[in-house]
């Protein structure tokens, strides 16, 4: 048994890893801010202690895992160095865990969490599987055959990973506070691909992915084109989900149904099916997994309050926003769609304000909250009005105090809440207004 201490244990990846190491019989505790987050509830349920940032809590026999948002001069990091504790970054800690198993890393600018979650679910139904998902979910089985991990490109966090198999869902410019251009992003994915040992399943219609030439792994494409090795075709999108056929190497693999919406949902599902097929799972096994899948946290989660339908989604990049609104159109074809968007980081708003406008235009009406910063970026020269003022379908800037008054008036509509920050507080304010 090893003693692990996580600095920033409520982070989505950190919470997942903490749960995995706890499941594997280790002692786990960690520190974070007092603010309530959705990731803390599984930690509390597992009996994992969450402390403040007191440096005296760090012991020499701990393996200290430093969250990505914490600098080397953080008091607890300095304390770990002072007492001689083993100190790992989050990516280094993940690599130490996954190297003990046959590992599948899911990467990409968009769709990582949904694809990781679905693949982990399919495999877990029929084989002992550990997984680490970016929605704060993690499960660790010490002797598991497979380990499915979400591989985050931010700050090149996925560079230490050496997976047996990988998925690359797409390459797009995001995280403008770190990546300065699309070429910069592509170079990071190229480095990641060079570390994959066996095979990469990659979206075949992505022009940047086509430029990647891995040192060792071979690439099999998936997508909607006949030239893709795994080709989704005969697609029938309905309100209950999507029906489609899948061909493999020009021959029919099988017919599938999944409770997913939009082209992006079909692509993510195709990627998961391709990996499961490669690992030897049958079409029947895969379809059973698809039928019992209930989705990932904050990925198109649907609820109801009064006469309003609520969709909660993590979308925060223009590409993701457009995909989420398109998915809502498929699910609710006869409903009015009202987007409630929380911009995430000032650098994103500065870099993508026009793209946000174009994506949000596809909703019937748009409300925007103030910008959510981050631990790395708490202020900037952008503002939410930079987006709202350019929208022909603009509503208003909403706050916790006016969320109920503004949104409850959208009778019979679908409210699509999108954001990667704390947008749940606006949903909660709306729901409390009905109590």
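Yeah, the Cβs are placed from backbone N, Cα and C, and that goes for glycine too.
Record features, source Swiss-Prot:
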- 108, 109, 110, 111, 112, 113, 114: ATP binding site (BINDING)
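Taken residue by residue with DSSP, residue 111 (ATP binding site) is part of neither helix nor strand, so it is coil. Per-site Cβ counts within 10 Å over the binding-site residues 108, 111 peak at 108. For the binding-site residues 113, 114, the greatest number of Cβ atoms within 10 Å around a candidate Cβ is found at 114. In this view, residue 109 (ATP binding site) is surrounded by 23 other Cβ atoms within 10 Å of its Cβ, with every protein chain counted. Each residue in 106, 115, 169, 170, 268 lies on the same chain as 108, 109, 110, 111, 112, 113, 114 and has a C-beta within 8 Å of the C-beta centroid of that ATP site, without being one of the site residues.
Cβ neighbour count within 10 Å across all protein chains ranks 112 highest among the binding-site residues 110, 112.
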